[in-house]
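> This is the structure I want to talk about, given as structure tokens.
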Amino acid sequence: MPASGRPRLPAAADTVPVWDLPVRVGHWTLVAAVTVAWASDGWLWLHVAAGEIAAVAVALRLAWGFVGTRHARFRDFVRPPREALAYLRAIAAGDPPRHLGHNPAGGWMVLALLAAVGTTTATGLALHAAAEGAGPLAGLVPDLGPRGTAALAAGHELLADGVLVLAAAHVAGVLAACVQHREDLVAALFHGRKRRTP
């Protein structure tokens, strides 16, 4: 680390572009939207707006997973479950192989987070439509009555808690990879580049 105390961006010759702009913007948009949605539970308008932004970010990321650049595509990082389990065993043994894009366990975490945030936002938007008659699903969600609305609210809360658990596991995995590979993966999600060599 230089004397300034700030991490040094590796020289361009030592790095390769991995995370394209849509992946980086989408990632940090989801981080911000989920954080705001979680923190703004008492302010309905802000909570709903954050949920709508998260829903759009998930939809765009799903599309980009099929048409985006190499490391953004699902086919690049969604590996068979046995490979993800083998990678988790390698982490526990302290010697996981380095991957330029997502590692096999990280690929499954991407899918889990997209599914969890997607279903959380879907239930939230449905709840907003059912209880308030507002939002993009207004008129599409039938009257659920008090019991149905309460059940939907409980499901939404449970899914939101699941998102937090997955996000915590994701952060723990990223920090473990940073230490084990001596690589700043958080910085890579800002500038998009990773070290070329293992």
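Backbone N, Cα and C define each Cβ position, glycine as well.
Unlike curated entries, TrEMBL annotations are predicted automatically.
Small disclaimer: the values here were computed from a predicted structure and weren't measured.
Under the heading domain 'Cytochrome b561 bacterial/Ni-hydrogenase', TrEMBL lists 18-192. Annotation source TrEMBL lists transmembrane segment at 44-67.
How buried are these features, and what lies next to them?
When Cβ-Cβ distances below 8 Å are used as the criterion, the transmembrane segment (44-67) is approached by residues 22-23, 26, 29-30, 33-34, 36-37, 73-74, 114, 117-118, 120-122, 124-125, 128, 132, 134-136 of the same chain, each at least six residues removed from its ends.
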> What average pLDDT does the predicted model assign to the domain 'Cytochrome b561 bacterial/Ni-hydrogenase' (18-192)?
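That stretch averages a pLDDT of 95.
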